Amino acid sequence: MKSGRFIGVMSGTSLDGVDVVLATIDEHRVAQLASLSWPIPVSLKQAVLDICQGQQLTLSQFGQLDTQLGRLFADAVNALLKEQNLQARDIVAIGCHGQTVWHEPTGVAPHTLQIGDNNQIVARTGITVVGDFRRRDIALGGQGAPLVPAFHHALLAHPTERRMVLNIGGIANLSLLIPGQPVGGYDTGPGNMLMDAWIWRQAGKPYDKDAEWARAGKVILPLLQNMLSDPYFSQPAPKSTGREYFNYGWLERHLRHFPGVDPRDVQATLAELTAVTISEQVLLSGGCERLMVCGGGSRNPLLMARLAVLLLGTEVTTTDAVGISGDDMEALAFAWLAWRTLAGLPGNLPSVTGASQETVLGAIFPANS
């Protein structure tokens, strides 16, 4: 069973940067050593957003984007290696999630697509890469997501305390760590995605820092109820979603019925949408004693305050409080999944994804020995 230093690379639906984490991993523990966030050029970010909202590309344009993202991920890894004074030979493997551009796990031909050519990463770093983590689970009838609950269970489950882990990235997802029950998990709906999209269009800001805009506005209750009527929110688990569904076009369709509203009121309503849809799912899943929050949304004071109010009796905290960086959680999870793949261990949980069986995940892109 291979153990040693692994690197995890994650570029999530928020597109707020490439998260890169260095960790030592073996069968007994995961210890984070270092991390960095690598910027995504505006042109690449916009190209990904365009695909996610259905804009057509030629095969040439798509291939170029795949290559450019692979090079970007390699640059991020090399920056971390340089910062830590490490060589390629010091790393067992890289676990790279890739950039999701489409996720459609139901229908006649279920599929998910993450791009960022792993061959580019191997060639530019000299390190073995494990990637393409989601499609095996989909091939076995699963959603291909979320995959992180298995990692949350390994690190954060408690023998007697009812715990849940909430990741608020572009999409919010919940891991159910309930003693005596199979691990559960699913996407609750939009996390930061709609809030970020709205303030970007209205004020040219990548996100609502400290929820300043949202706190200056008032929740538009009819708009909130209109958005809450979306069938995704009442759909039973297992379920997963992404930017191809909850995007700016989705928001525009709901806003057509509310012309002339104050942009700050819309921001406040979107924050409330995220808080309400999360809290409803926590309660529908039986509630918990402790909700541990990670991801960019854990730094949104309004979201955290609203969750505490909506979930009275639950201790709402961050994963940082238990010693795991909320910013690095997902990248760390894919380093761990790479370790499991190389060890020949399953990485999915059928109780979470709905797959017909446990399976080893991903494809291995070996470096030259």
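Cβ coordinates are placed from backbone N, Cα and C, and glycine is handled just like the others.
Copied over from Swiss-Prot:
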type	residues	note
BINDING	Gly12, Thr13, Ser14, Leu15, Asp16, Gly17, Val18, Asp19	ATP binding site
Out of these binding-site residues, Leu15, Val18, which one has the fewest other C-beta atoms within 10 Å of its own C-beta?
Leu15
Near the ATP site, what residues other than Gly12, Thr13, Ser14, Leu15, Asp16, Gly17, Val18, Asp19 in the same chain have a C-beta no further than 8 Å from the centroid of the listed C-beta atoms?
Met10, Ser11, Ile40, Gly169, Gly170, Gly296
In DSSP terms, helix, strand or coil for Gly12 (ATP binding site)?
coil
For Val18 (ATP binding site): DSSP state (helix, strand, coil):
strand
Other CB atoms, at most 10 A from the CB of Asp16 (ATP binding site):
20
Of Gly12, Gly17, which of the binding-site residues has the most Cβ neighbours inside 10 Å?
Gly12
Sort out the sequence-distant neighbours of Thr13 (ATP binding site) for me: same chain, 6+ apart, CB within less than 8 Å of its CB, listed by position.
Thr100, Gly169, Gly170, Ile171, Met193, Gly242, Arg243
CB within-chain contacts under 8 A for Asp19 (ATP binding site), separation at least 6:
Gly8, Val9, Met10, Ser11, Gly12, Ser35, Ser37, Trp38, Asp327, Asp328, Glu330, Ala331
Neighbour count (Cβ, 10 Å) for Ser14 (ATP binding site):
20
